[in-house]
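A.B. asks: Shown below is the structure under consideration.
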């Protein structure tokens, strides 16, 4: 994993000081594959805290079933029952605050948050995005990357701010784009990397190593590079046990 200051940080990092159980609320809209990665990290004591609630704006989201099966409170809060984004976010704030989270994790939450919501939890929200930010903010990242003929693609964990996909980047995982890649194959490869790095970033935050600042994130008290730390294609492929010819 590389950063512009040539830090020798590793995936596991330093041993944190012991602290009480930290609380995590996860927001989802769909199948919850990143949620599942977080649940499995928690089960293996690699999350740094406890997922206390999963909230979905889509009542039929499969991720709610994942939460229920893991013994986590699953809350359906359908956005279509509210007249405006502000009204919905107001209701969402109330549900979240009832659980007193230390961090709010957006794991495929397909809603643009209102400024009111963002300011309420600023510095305590992490999102996963399927591109190497700042490239390809917004939707359809894989199709856009293929259309541009890029050689590298990937995913990013970043703090949530009022700018869509524009908050300080914490951690990225890179992959090489093959000549025969399609939207579906890229999606699969990027998902694997999301599942790898998202729990790591959440753990860093819950252990107090990762912090938000208006001018960028800090790690162990040191400013991160503008685009965070990056797990290279080779390192990610090794962590994921990918065949070199298929990565």
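All residue numbers here begin at 1 and follow the chain in the order shown.
For all residues, glycine too, the Cβ spot is worked out from N, Cα and C.
Reproduced below are the annotations present in TrEMBL:
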type	residues	note
ACT_SITE	129	active site, proton donor
BINDING	32, 33, 34	N(1)-(5-phospho-beta-D-ribosyl)glycinamide binding site
BINDING	85, 110, 111, 112, 113, 127	(6R)-10-formyltetrahydrofolate binding site
DOMAIN	23-201	domain 'Formyl transferase N-terminal'
SITE	165	site 'Raises pKa of active site His'
A.B. asks: Counting only residues 6+ apart in the same chain, whose Cβ is under 8 Å from the Cβ of residue 33 (N(1)-(5-phospho-beta-D-ribosyl)glycinamide binding site)?
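C.D. replies: Residue 33 (N(1)-(5-phospho-beta-D-ribosyl)glycinamide binding site) has long-range Cβ partners 108, 191, 194, 195.
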A.B. asks: According to DSSP, does residue 34 (N(1)-(5-phospho-beta-D-ribosyl)glycinamide binding site) sit in a helix, a strand, or coil?
C.D. replies: helix
A.B. asks: With every protein chain in view, what's the tally of Cβ atoms within 10 Å of the Cβ of residue 129 (active site, proton donor), excluding that atom itself?
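C.D. replies: If we count other Cβ atoms within 10 Å of residue 129 (active site, proton donor), we arrive at 23.
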A.B. asks: If you measure from the C-alpha of the residue listed as 'active site, proton donor', which of the recorded positions 34, 110, 111, 112, 113, 165 fall inside 10 Å?
C.D. replies: 165
A.B. asks: Going by DSSP, give the three-state secondary structure for residue 129 (active site, proton donor).
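C.D. replies: The three-state answer is strand.
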A.B. asks: Quick one: pull the CA-CA distance for residue 110 ((6R)-10-formyltetrahydrofolate binding site) versus residue 34 (N(1)-(5-phospho-beta-D-ribosyl)glycinamide binding site), whole Å only.
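C.D. replies: Rounded to the nearest whole number, the Cα-Cα distance is 13 Å.
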A.B. asks: Of all the binding-site residues given, 110, 113, which residue's CB has the most CB neighbours within 10 A?
C.D. replies: 113
A.B. asks: Validating a neighbour-count step here. Other CB atoms within 10 A of the CB of residue 32 (N(1)-(5-phospho-beta-D-ribosyl)glycinamide binding site): how many?
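C.D. replies: If we count other Cβ atoms within 10 Å of residue 32 (N(1)-(5-phospho-beta-D-ribosyl)glycinamide binding site), we arrive at 24.
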A.B. asks: Which residues does residue 112 ((6R)-10-formyltetrahydrofolate binding site) neighbour through Cβ under 8 Å, counting only same-chain ones at least six apart?
C.D. replies: 85, 164
